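Q: For A:100-312, the entry in TrEMBL reads domain 'ABC transmembrane type-1'. Residues annotated as region 'Disordered' in TrEMBL: A:1-31. TrEMBL lists A:37-60, A:104-125, A:137-157, A:185-209, A:242-260, A:291-313 with the feature transmembrane segment.
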Amino acid sequence: MKVDTVGAPRRTQRRPAATPAPPPSSSPRRAGLRRRIADNLVGHLFLAAGVLAFALFSWYPIVRGFLLSFQQVNFAEPATWVGLDNFQRLFDDPLFLTAWRNTLWFTALALVFGFAAPFVTAVVLNELRHGRAYLRMTVYLPVMLPPIVTVLLWRWFYDPGPGLFNHALGILHLPPQQWLESENLSMLSLVLVSTWANMGTTTLIYLAALQGVPGELYEAAQLDGASIRQRLWHVTIPQMRFILLITLLLQVIGTMQVFIEPFVLTGGGPNDATVTVLLLLYRYAFVYNDFGLASAMSTVLFVVLGAFAALYLRLTRSKG
Amino acid sequence: MGSNRIRRASAVALAAATAFAATACSSGGSGSGDAGGVVTISVNGLPPATQTVDRKNFEDDVKAFEASHPNIRIDAHEGMMDPKTFAAKLAGGQLEDVYYVYFTDPAGLIQRHQAADITPYLKDVPALADVKPALQDVFKGKDGKVYGLPTGNYSMGLVYNRELFTKAGLDPDEPPTTWDEVRTAAQKITALGDGTVGYADFSKNNQGGWHLTSWIYSLGGDVATRDDSGKWKATLDSDAAHKALQHLHDMRWTDDSMGSRQLLEIPDVQKMMGAGKLGMYLAGPDNIPTIVKQFERKYDEYGLAAMPGTATLGGGDGFMFNPKDAPAKIKAGLAWVQWKYLNPDRQEEIDQKSAGSDIPIGLPQPDLFDGRSGETVKAVHAKYANVPQQNYRPFTDRSADVQVKVEPPNAQQIYTVLDGVMQAVLTKQDANADELLKDAQKKVDTILATAQ
């Protein structure tokens, strides 16, 4: 009934006013529906393929992971509901807090280096008159390397024996450093790897945003006698405020999921100084085979990252 | 019209592809079904195509087994135990009917009911009579039932570079038998210079914990013991553990004989040994062929000594059975494992076939059997040996004096804790051993609270 009510005025609108209304037969309506389906068949099927892929590989695992966090499973027998036991065990694990503390420390360091470095690089590249394309490519090049290659390359840089960095320090008559073996330096070393590997994309985003800043604003500032620093502070940064905020949030979301660097370079050491949330989650799932505990950890991470993602969506919507 | 046809054709193709993907994702099952009394079982352990000789031997074995067991068909898969895919394969019905495990796996798999109980079918496995009881115990649950069969074993020893020993003025036929001797030898080897490291040890990805456990065993200690009520308690705050940390600390910081690069794991240390830059490290006999093959070295260059001290950690591998298997598949799987891996009567044929290839014959381990089977295997190995067995005499001669202990319960979790201890000692000169061990004791007690 509802379909009829909605469908009738539409048909009426399409037809000229003088044309008599069609008889109340359902066959033309069905034919119209069939035609509409046939016309959009390809679109629907393309959509169905995407929906199916997302459902199978994203949505279903998310829902299943959430359910697993309240279950004890062995995948051979039906799962047992255990209420909040997995979360209780998770919060009782002394490494839980260590992992969060380390992850937040990594995120903070990554913001200092990973947020500032691409911005400064983009500003410098934007000011260059020559060789900009070459340097832009050079900055972006590490992004094209597979992450594992990047990490293994840096492992050699950090080698306390024949490694590049200690060799360079030796030339400068400075003492060698335990880049990965020292509790104080290891996290910073991981941040440097991550920054080097990922700053290319952010730099290009900033560079595009910088080129969108109206030139007359700089001219006006220059006429008012503003220095380079003042132009940067009062023109560039305010004009790029939105893009800076968005990349900041994306960076927080990205860096809180750090895994490859500690997994390959330090294994969480020395003395748990680089155990991150995802590394601990990996251990729960694939070393201890405790998928309930791993799912509880991923649920906690999901809630935290979800909060940042919600903030991101809110910001992008309000801007839109 | 033409474009309409193309759109429709692409729509049909897309629909077919989508349906295929959906079907592929939902398909599963552990091996083929039975037909006409023939049972097909999936097994893993098939060597990869890059290992041509091993793979050919495996495929020949499958043919020979199927010829002698006309009612069983083998569907061989590549790969061994991979904890990263195990649960997914089990959940998706893709786990092999007969699957490979390391000795660290059975306790957890039994506890989580992820392996079939094979106790009722063991009467059909007469070869078990001569398999060392300690190795069989690894596959026994708390309920006394049996969930798998051991097919290989090792005990940790000291792998050393004989050439570096000679260069450093040490006798390669008289390697260290105590940790003090290891320390002295490591100093002499390090003194050769040119980046040579006397002794190296692991401290990453649970391998540091695994080796620290061996250290503690060797110095007369334990990581965990069971009290009269059956409860497990950590025993890390012990003399043996303190001594182990002190030895490691002294070699790393006082003597500087362990190199400056730490957070090492197996491939790092094997690479050092393969490059001729390392004197000694703890490993089972199976490490020697890996180094020889991977780094194109010669067997003559390496020696194997027994673990310094009085005890060592033993491990190994074996096969367990899919918990969803029907009895017919379990029986067929047992027949396969017994025929291929627990069959002293085939040893002569295997060794004869392997003697001309690069498959090593004559390493001191695996050493699965006691009694008549053990004697048969040893005699055949001696006959066809293609590795310098005299280089392993320091290992075999002392093996009776070195007690072999199994890994603690919840081994991987305990190793995670001990990894931290190992890392602290090797990366912090002022690491406080007392605090480290007291803290580890608490953490391991928490882990053991869930142990069976």
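Quick reminder: no glycine exception, Cβ is built from N, Cα and C everywhere.
Here the structure is a predicted model, which means the values were calculated and not measured.
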Q: Between the stretches A:37-60, A:104-125, A:137-157, which wins on the count of C-beta pairs under 8 angstroms to the transmembrane segment (A:242-260)?
A: A:104-125
Q: If we skip the immediate neighbours and take only residues 6+ beyond the ends of the transmembrane segment (A:137-157), which ones have a Cβ under 8 Å from one of its Cβ atoms?
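A: Residues 121, 125, 163-165, 179-180, 189, 192-193, 196-201, 203-204, 260-261, 264-265 contact the transmembrane segment (A:137-157) from elsewhere in the chain.
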Q: Residues sitting near the transmembrane segment (A:291-313): Cβ under 8 Å, six or more positions beyond its termini, same chain?
A: 62, 65-73, 75, 82, 85-87, 89-90, 96, 246, 249-250, 252-253, 256-257, 277-278, 280-282, 284-285
